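J.: I'd like to ask you about the structure that follows.
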């Protein structure tokens, strides 16, 4: 064994650890490989100054001593940092010219000092509640803009962020202006109210801000849409607004443009005086603008638009919605939240947690307001608007946007809006003439085979197929996949990650067929959808309007096909009216079925609200200017001017002859002319009637 190891030739004095120069006859301490070969020397005296730490990074030098072969450094000053003017430091790990380590010396503009950042400044407890959570004046926002000395200072351009937000020319994932976009100028616009300002015709300063104009140009917008032409001067003039416009006509820009323009001009609001301070990030956010929308997809879409137009500004948009990790949303809010886009349920949750205050709100936007009420969000909305610390109606601007505003929603708006201007663009509650509507008579058993024929015929572009149930969405997408069509589905039971993945694959064209329930029907801006198929017709004509509005957006043309059979006769009258309004071909079987059903009345609109949401003029006109007039064959009617004979009754000026005035404590009951009986007697009843309960 000894011969194998050749122990005889081992000599401990040849070792790196052997004593050098007879140093007391003792072995030296272990020397790491990267320190071997340095000039030898004894340890410094105990009272010597600490060694310089100019870190020759890597193998050639130590992070804790002078560089190899370098001159002996002068003793550093005490722990007060480098001399002024020598603040080129950074970390002490890779720069051979770095200055001595300082725990917290004089931090210079180039990042000297151990923390390597901006000057910490003095502790200011009042700064920790401000938007952005203090931070000693550091840049913040969607880009890197700042509000400094009473002026908006935009941040530098970032090509990577620009590509992410605005895409590249002819990017298929971004909506391009369609061939009929210029025809929007021919759409009639009706604005009612006191002191309606003149519309604008171009994006200019004034009224908009120069920085916003540059972001609008980056987005590829050339001229304002009709709703934007009116909403910009109305909101910039400090007025409340209720706006109806065709889907895809620029409603989102209609409220984002004026809100952001005023934010860029006026700066952030001062924080409330009494705040609970915090260390590091702020504990509670004080947004100045709140945008409420009904679905996760819609708030995400609005947030993406807000990021575009707030690019390089001091405004930091945030989005919160249910079904996603609340921790990441809280961290986003803590970094600063000036413009908040939220679903009502998640916002109430964050308010209860004490993480959001509405005390600084200047602008409240309700997008797809009728849909939010239909989905049961009214208690949360009323709590947010009336039950928390939001300024009263007179202390904020309130904007309501939707493609339809039925009568009861307009009446509800009087609680939230003050002296508002009602804006109706085009045939609101109707559909775009850019959409070619086809109604096919198809029995349920034949729907799948007819759908395959349609997909074979209209194979190009993106196809969006609407069904009524979650089970049908998965079943139909599986069927299409088995038939060789790339399809995916989106509905309420899929996780947020799955829904976002499905939408991304659909938008990009990797999966050009999307089967969806109503969750994807309202407000989603999915560009370049060429064909919408209503595999299952909805029971509500407004839902049909919003579904087919996913195509024909921004002036593009599209096709909408609906499968109709006798099981859908409840919407036949409304469907007929809709086709005639949009100058579409009316199939003969629709008129035949409509005549069959005329005995039991149609046009009841959303029966769940007493039928008052029929397709009468109330869905498109300012209810303040109306004196009644029911929906076709429905309950409708009422209003401030009184109900027609036998109509629903229940107005704000008392129920005249024939209108339904509830008896004492009345709830449900008669009075319903026009077929179908009365709706909610006392529910929407006459507040001045004997014992009638006002719904609001």
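The backbone N, Cα and C atoms fix where each Cβ goes, glycine too.
According to Swiss-Prot:
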type: BINDING; residues: 245, 246, 247, 248, 249, 250, 251, 252; note: ATP binding site
type: COMPBIAS; residues: 12-23; note: compositional bias 'Polar residues'
type: COMPBIAS; residues: 54-63; note: compositional bias 'Gly residues'
type: COMPBIAS; residues: 68-85; note: compositional bias 'Pro residues'
type: COMPBIAS; residues: 108-119; note: compositional bias 'Gly residues'
type: COMPBIAS; residues: 130-144; note: compositional bias 'Gly residues'
type: COMPBIAS; residues: 598-615; note: compositional bias 'Gly residues'
type: COMPBIAS; residues: 666-696; note: compositional bias 'Gly residues'
type: DOMAIN; residues: 232-423; note: domain 'Helicase ATP-binding'
type: DOMAIN; residues: 434-594; note: domain 'Helicase C-terminal'
type: REGION; residues: 1-178; note: region 'Disordered'
type: REGION; residues: 597-622; note: region 'Disordered'
type: REGION; residues: 659-696; note: region 'Disordered'
type: MOTIF; residues: 201-229; note: motif 'Q motif'
type: MOTIF; residues: 367-370; note: motif 'DEAD box'
J.: Including all protein chains displayed, how many Cβ atoms other than that of residue 252 (ATP binding site) lie within 10 Å of its Cβ?
T.: 24
J.: What is the number of residues in the motif 'DEAD box' (367-370) that are helix, strand and coil, as DSSP sees it?
T.: 2 helix, 1 strand, 1 coil
J.: Can you check how the pLDDT averages out over the domain 'Helicase ATP-binding' (232-423)?
T.: 86
J.: Most Cβ neighbours within 10 Å: which of the binding-site residues 249, 250, 251 is it?
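T.: Most Cβ neighbours within 10 Å: 251.
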J.: Which residue counts does DSSP give the motif 'Q motif' (201-229) for helix, strand and coil?
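T.: Once the DSSP states are binned, the motif 'Q motif' (201-229) shows 13 helix, 0 strand, 16 coil.
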